[in-house]
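K.L.:
One structure, as structure tokens, below. Some questions next.
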Amino acid sequence: MPDITLTTLQSLKQKGEKITMLTCYDATFAHTCCEAGVEVLLVGDSLGMVLQGHDSTLPVSTADMAYHVAAVKRGNNGALILADLPFMSYATTEQALSSSAQLMQAGAHMLKIEGAAWLAEPVRLLNERGVPVCVHMGLTPQTVNVLGGYKVQGRNESQARQMRADAIALEQAGAAMLLLECVPSELAAEITQAVKIPVIGIGAGNATDGQVLVLHDMLGLSLSGRSPKFVKNFMAGKDSIQAALSAYVEEVKAVTFPGAEHGFSA
């Protein structure tokens, strides 16, 4: 497929065409995802759980991330590579610049950080230095201990109002994209309409500009044997991984995934 850039993603939002994203951690799956038409490969710190076997993303290092970004780059064929800055790798200006340099030099096209409006300054800092930033809002796994577990965020009106305001503030600070995780579908739709930048959802309904899932989840692979409510097993009834990936792309583009059963209400 032709190279996907930030301009491509902005154009897809403007045209109302859904953006497809999956996590990806190695060259073989990068190639396979590209063959299926996946537009964004997220090298997520979720690798700490699905590859390394940890119970959270917190142990993942910048070196771990750089290793997997470089692997994905070698197998990539046109997708935009989005990479997570891991836990506490952007706590200070010096850390943010050093960590970002490592991941961009390894092959990332955009970096993702987790939080809310307090990230406005890091977003500005990185944007001014040529690093596009996606901000992950809602359920932010790096702060799971503060949130008290993996829970839906933005269910009460004050939280929802704050999340809408934060999204607008982050866009004004220069964020290139937002990712909403485990947010009520109606709130996610409102935020998507309120900003001009692309908004990707996971457990956030089907009115966002695109969707993302963890690769292992959508292939029915789980260490715990359980899947989150927002996951669909695309391997079910398929005879190949390629067919499962293609089905995911087709269903996201057709807005048949996610269905109402995969979302959350306020």
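Quick reminder: no glycine exception, Cβ is built from N, Cα and C everywhere.
Values in this document were obtained by computation on a predicted structure and should not be read as measured data.
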K.L.:
According to Swiss-Prot, Asp45, Glu114 bind Mg(2+); so which of Asp3, Asp84, Asp166 is the extra one listed there?
P.N.:
Asp84
K.L.:
List the residues of the same chain that sit at least 6 positions away from Asp45 (3-methyl-2-oxobutanoate binding site) in sequence and have their Cβ under 8 Å from its Cβ, in sequence order, or write 'none'.
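P.N.:
Listed in sequence order, they are Thr57, Val60, Met65, Asp84, Pro86, Phe87, Pro141, Gln142.
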K.L.:
How big is the Cα-to-Cα gap, in Å, between Lys112 (3-methyl-2-oxobutanoate binding site) and Glu181 (active site, proton acceptor)?
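P.N.:
A Cα-Cα distance of 13 Å.
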K.L.:
Secondary structure at Asp45 (3-methyl-2-oxobutanoate binding site) (DSSP, helix/strand/coil)?
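P.N.:
Coil, per DSSP.
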